[in-house]
Structures are given as structure tokens and as C-alpha cells.
Amino acid sequence: MTGDDEPWVTRRTALRTAAGSVAAGVVGAGTATAQGGVDYGGWFGGSTGGETATFDGTVDRTGEDAITVDVGAEGNGGSYAFSPTAVRVDPGTTITFEWVSDTHNVLIEDQPSDADWGGVESIENSGFSHEHTFETEGVYKYYCQPHLALGMKGAVVVGGSGGTAGGGGGGSGSESGGGGESAGGSSPALTFAFQLLGGAVAAAIAVVLGVTAWVFLNYDEVTTGDESESMAARTPTESVFESGVVRDLGHDDYDPYGTATLIAIYLGIISLLWVFMYFVEFLGGGPTVIG
């Protein structure tokens, strides 16, 4: 501070401020170029499936007659990405989708109302390819069904369109590079399904452990009472020869403790098999027990 308590600025501070302003302007311009003013309607966020971590703006490939999009490229935690994730092309451009890893398909989420792209519904492996010539201007959204929850989604922008596709769409609001509506977001239905799955497994394990612990803690007391009553009615000779028998159940006798333990164990086994079945169906690309 100066003698009259007014703030002062050094030359170094002024230079730093100017440099920061220039850098911010460059970053802002780059972001605007990458986004290209395209409104994906929350597609790359968590509104549908998982968040697409590989989305970092729209790649401009205008001026080219044909381009290639890799299916199953590295990203989103494995070979679960389209590369480029979002691309802009001119009307009439032919895009070849080449499978570079296994167990993927290309399903259409949204496209202009008069477009005719059919995608690839069957699950295909590395070496397969599919091409389509995009004539109708607009935004095309597509995804891989087996890996939608992991964020394997893509988009093609044909022409100068900056709005959402004409045939509907999910969510609202424009996208920015690297994310969507919420960072790290996921589908509410998917989140609920995983919570339900975890709760069921935890409950089954808790029941098994609880019933087993109760039986072990109370078994001596129960059997001691039954043995005392039976020993009082026996002769000394019977007591000597049968003292080693703690509990003798007849063929039709009912043991509630053993039955409860077996039921708990069965519930635990069923829960574990259910979890195993879900992951097998998920990895196989088919419908799972939670949809």
C-alpha cells in the first residue's frame, strides 16, 4: 500500500494479468471451436446410460468425401469408445464404421425424421465394417447396446446443424467438452438397479451370518434343556449308555434352527447366482435381469 492507502500495481503484476487474459481468450476460442454450437441434448452426459468420458467436443471433418469411425476404440475404461466420438461432416459424406475390438453393435438413438440410417443391430467382432452415406442434414446419435452403461455413445453432425436431431432425443441443454449434464453422472434407473442389487446381496449375507451366529450362540442352551428333561426320565443304565447322545431327532421331527439355517444358506446361494447371471448376460450383450 502507498502512503495514501491506495492500491498500486507493479509492472510484473500487469504483465501477469495481460498474459492470463490472453490465455483465457485462447482457451475460450478453442472450446467454442470444438463445440461448434452443437446441442446434443445431454446425450453425452448421464441422461441415457453412462457418461461418455471420451467426448471432448465435435471433431470437424468437413471437406472430406469419406471418413472412418473406429468401433470399440480405447476409452471409457476399456475398449468401449467410438473414435472420433462426435464428428461433423458435409452432406453426402460416407462414414465407414470399423470394428477394432469385439462384442459391439451400433444402434440408432436419434436421427433426422427423413433420414434412413439403420445402424448395425447384431453384435459384431473385430474386422467387421459398416458404411453409410449421410445425406440428410442434422444430428445423428448412436450407441453400443452392450456397453451403453459404460458410456459408449457417439454422434454425427451432418452439415451446419447446431440443434438436436429431429426425431426426438434425450435430455436438454448443450454439451461441453469432456462431459454432459453432471460430472460422473449415471442413469437414475441404472443407479437404482445397482443399489437394489447391492442391497439384496448385503441382506442375504446378513441373514446367513445372523442366523448362523444365533444358532451357534443358543445351540448349547437348547440342547442342554432338552437333554436334562430326557435324562430325568431315564434309568441309570439308560443314562450310562445314552449319555453320549446330545439330541436324537426322529425321522419326522422338526428342527426349526436347522431349517432356518438351511433357508438362509439357500437365499445366499440364490442371490450370488443372480449376481453371477447378471454379469454373464451383461458381458454377453443380451438383456439382463434388470433390463
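The backbone N, Cα and C atoms fix where each Cβ goes, glycine too.
The feature domain 'Blue (type 1) copper' is assigned by TrEMBL to 71-158.
Its Cβ taken as reference, His147 (Cu cation binding site) is surrounded by 25 other Cβ atoms within 10 Å in the chains shown. According to DSSP, His147 (Cu cation binding site) is assigned to a helical segment. TrEMBL lists His104, Cys144, His147, Met152 with the feature Cu cation binding site.
The transmembrane segment feature in TrEMBL is assigned to 196-217 (among others). Counting residues 6+ beyond its ends, the transmembrane segment (196-217) has Cβ neighbours under 8 Å at 257-258, 260-261, 264-265, 267-268, 270-272, 274-275, 278, 290 in the same chain.
Among the features that TrEMBL reports, transmembrane segment is placed at 257-280 (among others).
Most buried of the binding-site residues Cys144, Met152, judged by other Cβ atoms within 10 Å, is Met152.
Excluding His104, Cys144, His147, Met152, which define the Cu cation site, the same chain contributes Val71, Gly72, Tyr80, Phe82, Thr103, Asn105, Tyr143, Gln145, Pro146, Leu148, Leu150 within 8 Å (Cβ to the Cβ centroid), listed in sequence order. Within the model, the domain 'Blue (type 1) copper' (71-158) shows a mean pLDDT value of 96, rounded to a whole number.
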